[in-house]
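Just below is one structure, and these are the notes that go with it.
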Amino acid sequence: MLEQVQKFLLSRAACQGSDSQSRYEELFHKLDVNKDGKVDILELQEGLKAMGMEVGKGAEEKIVAAGDTNKDGHLDFGEFIRYLEEHEKKMKIAFTSLDKNKDGKIESAEIMNSLKVLGIKISLDHADKILKSMDSDGTLTVDWNEWRDHFLFNPADNIQQIIRYWKHSTVLDIGDSLTIPDEFTEEEKKTGQWWKQLMAGGMAGAVSRTGTAPLDRLKVMMQVHGSKGNSNIITGLKQMVKEGGIRSLWRGNGVNVIKIAPETAMKFWAYEQYKKLFTSESGKLGTAERFVAGSLAGATAQTSIYPMEVLKTRLAVGRTGQYSGMFDCAKKIMQKEGIRAFYKGYIPNILGIIPYAGIDLAIYETLKNYWLQNHAKDSANPGVLVLLGCGTASSTCGQLASYPLALIRTRMQAQASIEGAPQLNMGGLFRKIVAKEGFLGLYRGIGPNFLKVLPAVSISYVVYEKMKVQLGI
């Protein structure tokens with residue numbers, strides 16, 4: 001992909017030990033078309049295009065944003081050199097992490113094994129394709145010079161792109177918090193990119209949940225007040241507006257957004273701790289171990305913030321004027337029902353993690369690996385439609401499997417607030433719902449829940465991409 005740039009760089013190296021700065025200096029003067037001592041985005045785009053270099057979408061903007069220390073929209077010679085030197089250090093870390101046998105060369109097997117550790121399985125043929133795209137001398141191995149020159153103007157290397165493009169739970173937020181946490185590479189941990197990605201994901205989740213809050217509240221209302229005559233989505237929305245006005249459609253959304261930060265932080269911390277227990281002697285964490293560690297991390301995070309889940313449900317089903325806010329709701333629950341009320345529905349909630357997370361992970365990994373095996377050619381980027389499609393499909397299947405438990409959890413959280421309602425346990429509620437409404441009653445409210453999936457993942461993806469630019473990811 002970068003053959004002409006590689007030839008340009010290599011042909012101007014006086015010898016193998018040639019100083020990097022002299023090569024970068026000559027490259028700068030070639031890109032500086034108008035000879036004003038600065039390189040802007042347009043010059044970078046045209047210069048790289050003229051050299052036959054195909055970079056990812058928005059790569060030029062990211063390069064200028066990352067290197068432009070004085071924020072004048074250009075890269076002067078000093079900024080240009082500093083950016084490439086810093087980028088070269090990052091590329092060296094990535095190269096070293098892939099070169100498992102420390103022979104100074106990367107082979108197809110090392111590419112396969114490195115991706116396998118992260119749950120990405122590719123064939124030997126696909127690994128060969130990745131390697132050949134970097135192999136300029138036809139040796140079927142990639143040394144440091146080939147690696148450096150291939151990724152000189154890519155904000156990320158190809159292996160990192162495969163991992164980053166296919167991150168799932170960090171990028172897509174559909175309102176449920178039962179997904180397995182994403183893996184962060186050693187480079188992302190060392191450079192601090194991990195917390196920026198979590199922050200971007202948190203902001204994406206907040207905007208996504210707020211945008212789909214009316215459908216989420218309608219789902220809760222249909223779960224709690226389920227009946228065969230109360231299943232029309234439009235009618236349900238009209239009733240909520242009639243009872244409390246337009247603002248009532250967002251009742252309970254504040255708690256739903258606030259809990260993102262502590263839950264994400266706890267899940268990430270717990271996942272890192274559980275991974276240490278399940279990592280093999282070779283340092284590898286397989287898909288099965290990742291599922292167990294991720295499920296335990298999800299259970300730990302849910303346990304820590306579960307009272308907020310109860311508050312969200314109570315606020316959502318509450319009447320207008322019943323609670324003045326989150327703290328008033330918590331105070332009234334404590335006074336009337338005691339502290340145990342904040343963990344009503346906890347058992348079905350924890351049990352729901354296993355089918356949701358397991359099926360979501362299995363289907364997403366299957367779809368991801370199928371695309372990588374059959375459709376990935378020169379780029380690791382699957383495109384927005386493929387990403388959203390895979391995320392939507394896996395999440396939908398996970399929801400179908402765990403929805404009955406989610407419905408029972410919501411009923412248990414809310415039943416004490418309904419006058420005259422008996423306080424049933426999980427088994428009692430299950431039998432009552434099946435006897436009164438049939439097995440379809442266990443899926444009451446799934447209509448608005450499915451309706452919000454596509455807009456939720458779309459909103460979260462767009463916001464996540466915008467936040468990545470703002471945070472310099």
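Here the Cβ of each residue, glycine as well, is placed from N, Cα and C on the backbone.
Per Swiss-Prot, the features are:
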- Asp135, Asp137, Thr139, Thr141, Glu146: Ca(2+) 4 binding site (BINDING)
- 122-157: domain 'EF-hand 4' (DOMAIN)
- 159-168: region 'Linker region' (REGION)
- 1-197: topological domain 'Mitochondrial intermembrane' (TOPO_DOM)
- 216-251: topological domain 'Mitochondrial matrix' (TOPO_DOM)
- 272-294: topological domain 'Mitochondrial intermembrane' (TOPO_DOM)
- 309-344: topological domain 'Mitochondrial matrix' (TOPO_DOM)
- 365-387: topological domain 'Mitochondrial intermembrane' (TOPO_DOM)
- 406-444: topological domain 'Mitochondrial matrix' (TOPO_DOM)
- 465-473: topological domain 'Mitochondrial intermembrane' (TOPO_DOM)
- 198-215: transmembrane segment (TRANSMEM)
- 252-271: transmembrane segment (TRANSMEM)
- 295-308: transmembrane segment (TRANSMEM)
- 345-364: transmembrane segment (TRANSMEM)
- 388-405: transmembrane segment (TRANSMEM)
- 445-464: transmembrane segment (TRANSMEM)
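Projection of Swiss-Prot feature records onto the structure.
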{"residue": "Asp135", "record": "Ca(2+) 4 binding site", "DSSP (3 states)": "coil"}
{"residue": "Thr141", "record": "Ca(2+) 4 binding site", "DSSP (3 states)": "coil"}
{"residue": "Glu146", "record": "Ca(2+) 4 binding site", "DSSP (3 states)": "helix"}
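A Cβ distance under 8 Å defines the sequence-distant neighbours of the transmembrane segment (295-308), meaning residues of its chain 6+ beyond its ends; these are 177-181, 255, 258-259, 262-264, 266-268, 270-271, 274, 330, 342-343, 346, 349-350, 353-354, 357-358.
Listed in chain order, the extra residues whose Cβ falls within 8 Å of the Cβ center of the Ca(2+) 4 site residues Asp135, Asp137, Thr139, Thr141, Glu146 are Lys105, Met134, Ser136, Gly138, Leu140, Val142, Asp143. Each of the binding-site residues Thr139, Thr141 was scored by other CB atoms within 10 A of its CB, and the lowest score goes to Thr139. Same-chain residues lying 6+ beyond the ends of the topological domain 'Mitochondrial intermembrane' (465-473) with a Cβ under 8 Å from its Cβ atoms: 58, 61-62, 65-66, 193, 196-197, 199-200, 203-204. Each of the binding-site residues Asp135, Glu146 was assessed for Cβ neighbours inside 10 Å, and the highest tally belongs to Glu146. The transmembrane segment (252-271) makes contact with the transmembrane segment (198-215): 3 or more of their CB pairs lie within 8 A, with pairs spaced 6 or more apart in sequence. Packing against the topological domain 'Mitochondrial matrix' (309-344) from elsewhere in the chain are residues 216-217, 220-221, 224-225, 243-245, 248, 251-252, 254-256, 258-259, 302, 410, 412-418: each is 6 or more residues past its ends and has a CB under 8 Å from a CB in it. Its own atom aside, the Cβ of Asp137 (Ca(2+) 4 binding site) has 12 Cβ atoms within 10 angstroms in the protein chains shown. Within the chain carrying the transmembrane segment (198-215), a Cβ under 8 angstroms from the stretch's Cβ atoms is held by residues 169-171, 173-175, 237, 240, 249-250, 252-253, 256-257, 260-261, 264-265, 268, 448-449, 451-452, 455-457, 459-461, 463-464, 467-468, 471, 473, all 6 or more beyond its ends. Remote same-chain residues near the topological domain 'Mitochondrial matrix' (406-444) are listed as 176, 220, 222-224, 226-228, 231, 309-310, 313-314, 317-318, 336-337, 341, 344-349, 352, 399 (criterion: CB distance under 8 Å, separation of at least six residues from the stretch ends).
Taken together, the residues of the region 'Linker region' (159-168) have an average pLDDT of 57.
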